[in-house]
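These notes concern the structure reproduced below.
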Amino acid sequence: MDDDEIIPKKNHPSNERNKKKAILSHEDFTGEDSLMENHLELRDKLTEDIVTIKASLKNNLVCSTLNENEILALSNYMQFFVFKSGDMVIKQGEKGSYFFIINSGKFDVYVNDKKVKTLTKGSSFGEAALIHNTQRSATIKAGTNGTLWGVQRSTFRATLKQLSNRNFNENRSFIDSVSVFDMLTEAQKNMITNACVIQNFKPGETIVKQGDYGDVLYILKDGKATVYINDEEIRVLEKGSYFGERALLYDEPRSATIIAKEVTSCASICRKLLNVVLGNLQVVLFRNIMTEALQQSEIFKQISPDQLNDLADTAIVRDYPANYNILHKDKIKSVKYIIVLEGKVELFLDDESIGILTRGKSFGDQYVLNQKQKFKHTLKSLEVCKIALITESCLADCLGNNNIDASIDYNNKKSIIKKMYIFRYLTDKQCNLLIEAFKTTRYEEGDYIIQEGEVGSRFYIIKAGEVEIVKNNKRLRTLGKNDYFGERALIYDEPRTASVISTVNNLECWYVDKSVFLQIIEGPMLAHLEERIKMQDTKVEMSELLTERIIGRGTFGIVKLVLHEPTKIRYALKCVSKKSIIELNQQNNIKLEREITAENDHPFIIRLVRTFKDSKYFYFLTELVTGGELYDAIRKLGLLSRSQAQFYLGSIILAIEYLHERSIVYRDLKPENILLDKQGYVKLIDFGCAKKIHGRSYTLVGTPHYMAPEVILGKGYGCTVDIWAFGVCLYEFICGPLPFGNDQEDQLEIFRDILTGQLTFPDYVTDTDSINLIKRLLCRLPQGRIGCSINGFKDIKENSFFADFDWDRLAGRLLEPPLISKSETYAEDIDVKQIEQEEEDNANTEIDDENWDIDF
């Protein structure tokens with residue numbers, strides 16, 4: 001749809017909200033910190049003090065999810081402050097850093113110099129300061145002599161981090177000790193650790209009862225518990241012991257009663273939550289064993305990961321008793337490969353034992369490679385066992401045919417072309433068509449495959465042999481098996497820049513012609529590839545750029561539309577003020593932004609061409625995106641239809657999935673950070689909040705309305721926070737307003753609504769698939785959030801909301817976008833002269849250069 005065909009729905013709530021700004025990750029030393037130093041007194045906490053502090057913390061928004069031990073630990077970090085009547089504690093409009101609990105006296109609250117209420121013992125104030133260094137909304141003075149307990153934000157959040165890390169590491173060590181989890185991967189064990197729920201039991205309280213059907217595994221973290229069978233005491237369990245592991249695998253009665261001997265704390269994992277996070281545990285365990293065994297096979301390690309997973313899914317799993325002939329040389333017909341999942345089996349050839357296979361071991365490479373060969377071996381169980389059988393039909397279903405060589409050949413071609421930008425984002429259908437179009441040709445030693453100066457029309461991959469690259473009669477380099485050359489000939493009519501000569505007899509190459517390629521790749525995708533390659537080929541110097549317009553403005557500077565005079569290619573130049581970076585302590589973040597942006601290579605993510613710097617600015621030269629912000633587009637479109645929401649959310653999902661695969665969490669997903677290109681497709685921009693994440697992060701960063709609960713709570717988070725933002729965006733697309741805190745500007749109230757508010761939908765939203773997906777994306781527990789299980793983004797893509805959506809056509813730019821701008825649209829459009837004075841003022845500011853940007 002073109003933008004001149006759209007009549008905005010002016011009364012629609014989505015037109016009403018202002019653009020939202022992100023919170024930056026930094027800590028300032030505030031005036032409040034200095035003030036508190038003058039009122040600090042050392043004092044031990046009495047029992048009644050601990051009671052008062054704990055009661056107040058339990059009512060605190062950020063502390064609402066903490067357990068008793070965590071509350072007690074935080075209480076220990078509270079400091080004692082003394083104030084005289086009339087003393088100011090906090091001042092309206094200034095940045096806050098402390099949270100206070102009144103120990104004695106009265107404290108008066110003023111808003112705009114008007115007294116609005118008086119607080120007394122047990123009351124608390126400054127809660128927002130525990131989350132972020134936001135401005136105080138009121139002034140508070142001591143109405144009488146009084147005392148306060150207080151804690152500084154950095155201390156509070158550092159304590160939360162320490163407690164969370166300690167708890168996670170302890171739970172993870174317990175998980176490692178449970179034998180049923182032995183065959184799980186590190187990622188799977190971490191997911192189970194995150195799913196642990198702490199349960200506390202009083203002395204004499206029954207944890208599990210003999211004969212009851214259970215679905216929970218318990219691991220003792222603290223305390224002791226007694227085991228009884230038929231009312232007879234059997235033994236005492238202590239810290240690190242676990243029980244109920246079979247409840248995760250089987251629906252059977254408990255074999256014993258276990259009663260807490262003293263105050264006891266357990267980490268518990270229930271089967272239902274485990275199924276959400278990981279899937280059926282037994283299936284996952286067997287699948288892991290099969291996948292690992294297949295990866296050890298000389299044959300199967302050459303097929304794709306997807307094909308490996310398909311084989312593991314389609315393998316036939318069977319149970320066998322002890323001393324049973326599982327496979328007999330005279331009776332085997334279709335089985336080609338076996339994997340031992342449980343137990344031991346013995347392998348025979350010509351009635352002679354040739355080895356014993358245990359769990360995780362496999363056999364059958366020779367029969368997979370030559371499927372017409374008659375099975376000569378016999379397999380006999382030595383004990384009760386479970387075996388995975390891969391048959392001819394399994395191989396045919398997963399590999400497309402029974403020819404394993406053809407499948408390996410196909411995968412080699414695919415792995416090669418997927419490394420090249422020109423082919424990387426072809427749809428599966430396009431990729432298959434391209435690979436099927438490859439033909440084989442042979443050359444002898446000295447033959448020219450490509451002649452320098454000739455206009456080419458073929459792309460080559462070396463199947464076997466070697467070639468040398470020669471330019472101006474000078475040998476440049478040698479290429480061998482699986483190397484490629486000539487790919488530019490598929491897009492451009494230009495002379496070959498070098499000759500390629502065979503250095504061996506019987507050189508074998510795969511090739512595809514330009515005419516075939518253009519039948520497969522056409523329209524928007526071809527135009528996109530041409531522009532992308534042209535942009536990347538161009539070498540740009542700062543002195544060659546001519547500023548035409550100012551097209552954007554942000555916290556740290558401006559974005560210019562610039563022209564590269566030698567080539568007439570236009571770019572966007574983001575100019576970042578070093579002064580602003582230093583003032584806001586963003587030195588590390590700007591370096592990280594450069595690193596992440598430079599590595600990104602995805603059609604739905606802004607492409608960085610190169611960076612520059614001088615004494616006052618950093619410069620990011622990127623592709624120019626001319627279609628305006630998604631923020632404005634959804635206001636032109638009004639309420640999005642299902643197909644429109646699918647297009648935009650699907651595009652965002654593909655971009656974020658690319659980042660998560662590289663362990664990058666974006667942390668500021670919102671329509672303001674998404675541009676539309678001239679074809680109407682999305683471009684994710686602004687990586688100022690992004691981070692390479694290993695383990696968990698604790699920084700409060702992002703735009704409040706789009707923040708996931710785990711970011712606010714400060715107990716650690718991972719890439720799951722971006723998936724929460726999917727839910728916020730989808731809600732905004734189809735409902736109009738934001739799901740939480742839509743009418744709020746006060747950050748504490750926004751956070752309160754995110755953590756405790758009810759998710760409701762307007763009456764005009766009736767699409768149940770949309771509603772259900774939003775509910776699952778906006779699940780406050782990350783481990784229960786769709787897209788956060790071991791299946792990852794697959795669960796979202798296969799959700800019923802996307803049932804009629806073609807992901808292949810989206811990636812291949814074959815879908816019609818909801819909005820295509822007929823004219824260039826930018827966030828701002830300012831004449832250069834209007835901003836020259838600002839640049840001059842900045843240029844006259846001295847920067848304390850400590851070489852922190854030496855690698856920029």
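Each residue's number is its place along the chain shown, starting with 1.
From the backbone N, Cα and C atoms, a Cβ is placed for every residue, glycine too.
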Per Swiss-Prot, Ile551, Gly552, Arg553, Gly554, Thr555, Phe556, Gly557, Ile558, Val559 bind ATP; matching candidate in Lys534, Lys574, Lys578: Lys574
For Lys117 (3',5'-cyclic GMP 1 binding site), the three-state class that DSSP assigns: strand
Least surrounded among the binding-site residues, given as Lys117, Arg136, Arg553, when other CB atoms within 10 Å are counted: Lys117
Number of Cβ atoms other than its own within 10 Å, given for Thr555 (ATP binding site): 14
Alpha-carbon distance [Val559 (ATP binding site); Arg496 (3',5'-cyclic GMP 2 binding site)] in Å: 38
Ser137 (3',5'-cyclic GMP 1 binding site) and Thr555 (ATP binding site), distance between Cα atoms, whole Å: 23
Under 8 Å by Cβ from Thr497 (3',5'-cyclic GMP 2 binding site), counting only residues of that chain that are 6 or more apart: Glu452, Lys471
Assigned conformation of Arg477 (3',5'-cyclic GMP 2 binding site) - DSSP reduced to three states: strand
Under 8 Å by Cβ from Asp668 (active site, proton acceptor), same chain, sequence gap 6 or more: Ala22, Asp686, Gly688, Cys689, Ala690, Val701, Gly702, Thr703, Tyr706
